[in-house]
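Here's the structure we're looking at; comments come further down.
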């Protein structure tokens, strides 16, 4: 019996979230109640055939899953292809890969035989395959002489080929399918994997697990294209000088040492596959390799600090980690190389504000690359910077120890680790690991949180790399029950207080109850940028801190006047005002939002005492170097890294609203401006 894609997805979800309800499954996967019930029945039939315990229902209607069943997710047998039916999208990817890597002419019968489907299904899958490669300006053709083939530019063909291979690898039994469809021997793949390990040593880095798994097949497919005389030819957008002196270009020799002469263009193409492979740095990467990139990253961080009104600590560490990520991203962005970030389909709400500011700060990097940073790459940069703001200090004393395992690279691993630390302050977490690092680690641990199935004799929890709040709370309940035997919902400090009160004299009931509550449920780390917990602009900028004037004599005078309300109520000191004058003696575009609102500020240790903002509005604006005028200045006093973020975001939105800015410019009283701020 075969397990279809829908049933497989539901089984995986049930293993990840055993307490999920039928209604939640319907909502998450867009299914009807009948469809869910039908799939559960198919799952149970398949489980019986595999001699696994089936999924039942408790008296309350919840799913009942045997602990033995959780071992299924790490059983290699479950990853084989002989009991899984590929979806139509997966079959379309298989067709694309076959067309690009087969050494013989392909007919309908080849597809029917390899995919084990009917002729009509193959014809339908061919149409879907065509729709997938339409964006690459490629065309599937059939001729009697050559059979089915793909026509178009070789660069685009290979991009489609690599994408197809990656998507097949993601399916269940993916590696088995790749070996079968490409007609490649395991020994060839093992040899390439060994050569890639030599490349890792040469470059002093580790490729992430998912890339180390797929790269041998990608390289084998590239070598096969070269052997078939289907080669990359110039010109193809690559500046040879930018790549020929890279260590990755030198490392190509390791991969081609026993192959016939390969052209300069093909060597560059193979080097690009290494350059664009996400990496985990083993030691500090050498900044002198690309000094201009380092300068661009430094400027991005500087822009972020000014726009976000924060002062980042240990910036060199952040710059080095960003460099390790952006170095391969540079080539991905500049040369529009193949990427697949479908696993990153959402970003935590707590990061949305910082993401907005990061995107406003990327101009130096975009100027260096010569292309706009796409949204998915910007998200990764956000995760790096947001993660850097997380206080990672942990107390290991008397805590259970946990590891977080993620195959998707530094940024996603960091986010997973951060989520776990926030959810479980009572547990000590080691830094996130890749699968290979986990398999080789000698650290002592009690719990494993992982985004992918693993074999371990410790308590293991399979989690999504990106979780919403409901999923986080459900995971916390599962862990408390499994690890501490605590049912968080039914365990209350109030009930304990009543019991204590029967047998002891309580001197201060209120303080004791607070202490019991904290002992039972240690304070959970609040999201770093949760908009719900931050002060809105109207709270940070009350009406009595708004100054309305016709004009001022200079930029410096504007700063002095704008800061006066904060100085008067003790939010800042004179030294804070002096520092703003020192840092910004003239208008600076880095602190002017949308060319409309200037936000001068200084570091916390320069005299910020209380969180707050004050505003100066001018009917006659200050002249700027581009000929425009500035009518609004807001001085910001920030006392930590993020409490002001929600107000700052509102201020950015205000600066981008032409209609509201015109109202401020023409306002005759402070009340009008404050009412506009309140919305």
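Just so you know, glycine gets a Cβ as well, placed from its N, Cα and C.
According to TrEMBL, the domain 'PRD' annotation covers 183-284 (among others).
What TrEMBL records for 288-395 (among others) is domain 'PRD'.
As annotated by TrEMBL, domain 'PTS EIIB type-2' applies to 400-487.
TrEMBL lists 539-679 with the feature domain 'PTS EIIA type-2'. Taken together, the residues in the domain 'PTS EIIA type-2' (539-679) have a mean pLDDT of 89 on the 0 to 100 scale.
Secondary structure of the domain 'PTS EIIA type-2' (539-679) per DSSP, as helix, strand and coil residue counts: 64 helix, 31 strand, 46 coil.
Secondary structure of the domain 'PTS EIIB type-2' (400-487) per DSSP, as helix, strand and coil residue counts: 36 helix, 18 strand, 34 coil.
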